[in-house]
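The block underneath contains the structure these notes are about, expressed in C-alpha cells.
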Amino acid sequence: MRVSRRFTILAITAMIFLSLIICIYAVAAHTTVNVILQKQERSYGVICDAGSTGTRLFVYNWVSTSDSELIQIEPVIYDNKPVMKKISPGLSTFGTKPDEAAEYLRPLMELAELHIPEEKRPYTPVFIFATAGMRLIPDEQKEAVLTNLRTELPKITSMQVLKEHIRIIEGKWEGIYSWIAVNYALGKFNRTFTPDFPGTSPGQQRSKTVGMIDMGGASAQIAFELPDNDDFNSINVENINLGCREDDSLFRYKLFVTTFLGYGVNEGIRKYEKTLMAKLKDQNGTVIQDDCMPLNLHKTVTMENGDNFVRRGTGNWDTCAAEVKKLLNPETSSEVCKAEVAKCYFGAVPAPNIPLSNVEMYGFSEYWYSTHDVLGLGGQYNAENIAKKSEQYCGQRWSTIQAASKKNLYPRADEERLKTQCFKSAWITSVLHDGFSVDKTHNKFQSVSTIAGQEVQWALGAMIYHMRFFPLRDSTRNLIVKETHSASESLWAPLFFLSAVFCLFVLVCAKEHSLLCFDDKRRASFGLTRRQYSYKMLKEDRTSSSAFLENFA
C-alpha cells in the first residue's frame with residue numbers, strides 16, 4: 001500500500017505542477033501583451049535649424065498609437081519650457097574654417113543628451129538642416145562644412161547621426177515644413193474636423209487648411225493648399241503625404257510652395273543699401289539722406305568692394321515704403337509676367353489664380369517681430385494701424401528713441417531692432433501687399449509667434465514629416481505580438497488535455513501496481529505462496545515490469 005500511496009501522491013503533484021505551469025504561462029502572456037499595447041514606447045528626435053544668423057536646437061518626443069492617425073509629436077519640456085537653445089553666429093560663417101563646424105555644434109548636442117534617456121540616445125535621430133545662409137556661400141565651402149559635420153559629429157554625440165540627415169534643404173521644403181507645423185498646431189490634420197476642402201475627393205472629410213508666409217533674414221517662404229481639381233502647373237506645386245501609408249489619401253495634400261532667396265529682411269537691407277550707394281555715386285558724396293531710418297540716426301555702411309558711405313536718417317516712412325516697393329517689382333521682369341499671361345508674385349514667380357486675400361494666412365518670424373516688438377501690433381493684421389504707428393516711430397529723433405528705450409518703453413526690442421524697425425516694417429508690408437497682392441483692407445492675415453501656447457517653428461514640421469512612418473512600425477510590432485499571443489492561447493487546451501492524460505496514466509499505473517503488490521492474506525486466498533508467486537513472476541518474464549515498478553517505488 002505504501003507504493004500505491006506514493007503513486008497517488010505523484011499523480012496529484014504532477015497535476016498541480018502542470019496546472020501551475022499553464023496558469024503562469026497564461027498570466028505571463030496576458031501581462032506581456034498588455035504591457036506592450038498599453039505602455040507604448042516613447043521615442044525622441046533632435047533637429048538643428050542652421051539659419052543665417054545662428055543655429056537653434058529643438059528636442060521632440062512622441063508615442064505613436066495608431067497607423068490611422070498622424071504621428072503626435074511634442075517638444076520635450078523642462079522647467080515648464082520647451083528645450084531649445086540658440087548659438088551664434090550662423091553655420092555659414094564656418095565656410096572659411098570648416099574644421100570648426102562640428103565643434104561649434106557641441107553645446108547643442110550636449111544639451112540634447114541631457115534631456116534624452118541614455119538607453120534611447122543610440123536610437124535618437126539627429127537632423128542638421130541648413131537654410132538660406134548656407135545656400136548663399138560658394139559650393140566648395142558648403143561641401144567642406146557638411147563633410148566636417150558628417151565625419152566629426154558622430155564622435156561628439158552618442159545619438160544617431162546619419163549622413164543623409166545633414167544637408168542644406170531647399171527653400172521650398174523650409175516652406176513645406178512651416179506649413180505642416182502651423183496646421184498641425186491648429187489641429188487641421190485631426191480627423192475630428194468635418195468640413196470638406198473644395199476639390200478634394202468625394203466623401204473625404206477633413207478640415208480646410210491655412211496658408212503661411214515665413215519672413216526670415218535671408219529668404220521668405222510661402223505655402224498654401226491647392227484644391228485637387230486646380231489645374232495650375234508649376235515647379236512650385238508639391239504633392240506631399242503626411243500619413244504612414246502611401247495608399248491612404250487622407251493626409252495627402254497638394255501645395256503651392258516656393259521660396260524667395262535674397263528677399264528676407266536682412267537681404268532686403270543689403271539690396272536697399274546698394275541702391276543708396278548707386279545714388280551716392282551720382283552725387284559724388286559720402287553721406288546720403290535715408291528715409292528708412294529714424295531722424296538723425298547715422299550708420300556707416302561698408303560695401304563688398306570695400307567702399308564706405310554713411311546713411312543719415314530722415315524718418316519719412318511713407319517715402320521709405322515707396323522706395324522698398326521698387327525693390328520688389330523691378331522694371332525688368334519675366335516675359336510671362338510682362339505679357340500678363342499668368343498672375344505673378346514678386347520676383348516674377350508665376351502664381352495660381354487664388355486670391356490670397358480670401359485665404360486664411362499666418363505670418364511668422366519677421367511678420368511677428370516687425371509688427372510686435374516695437375509697434376505692439378502683432379496678431380490680427382491691420383495695414384492702416386501699422387502704417388500710422390510706423391510713421392510715428394520713424395519720425396522721432398534717434399536720441400528720443402534711445403531715451404525711451406532706457407526707460408524700458410521698448411522692452412522686447414534690442415538696439416539693432418530699434419535701428420532697423422523703419423525699414424523692416426516697410427519691407428514686410430510691401431511684400432504682403434505689393435508682392436503677394438493681399439488687399440490692405442479685406443484680408444484674413446495675422447502675424448503669430450505661438451499657437452495654442454506653443455512657439456511654431458518649421459523644425460516641428462520637419463520632424464513630423466520625416467518621422468511619419470513610426471506609427472506603421474509600431475502597429476506592425478503590435479500586430480505580431482497579438483498574433484503570437486493568439487497562437488499561444490490555442491495551445492492551452494492541448495496542454496490541459498495532455499496533463500489530464502498524463503495524470504490518468506500515472507493513476508492507472510498506481511492501480512495496477514496495487515493489484516500486483518497485495519498482501520500475504522490475499523495471496524493465500526488465491527492459493528498462492530510468496531515463493532510460487534515469485535517463481536511465476538520470473539517464469540512469465542515480468543522482470544522488466546518489476547524493475548520499472550521498483551524505480552518508481
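Heads up, the Cβ atoms here are built off N, Cα and C, so glycines get one too.
According to Swiss-Prot, the feature topological domain 'Cytoplasmic' maps to 1-8, 511-553, an assignment based on sequence analysis. Here Swiss-Prot flags 9-29, 490-510 as transmembrane segment. The feature topological domain 'Lumenal' is assigned by Swiss-Prot to 30-489, with sequence analysis given as support. Among the features that Swiss-Prot reports, active site, proton acceptor is placed at Glu174. Taken from Swiss-Prot, the feature N-linked glycosylation site covers Asn190, Asn284.
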Report task. Would you kindly give the Cα-Cα distance separating Glu174 (active site, proton acceptor) and Asn284 (N-linked glycosylation site), rounded to the nearest Å? Result -> 43
Requested in this report: Going by DSSP, give the three-state secondary structure for Glu174 (active site, proton acceptor).
Outcome: helix
Query - Confidence summary (mean pLDDT) of the topological domain 'Cytoplasmic' (1-8) - result: 57
Report task. Around the Cβ of the residue listed as 'active site, proton acceptor', how many other Cβ atoms lie within 10 Å? Please give the count over every shown protein chain. Result -> 26
Requested in this report: Could you tally the C-beta atoms, other than its own, that fall within 10 angstroms of the C-beta of Asn284 (N-linked glycosylation site)?
Outcome: 6
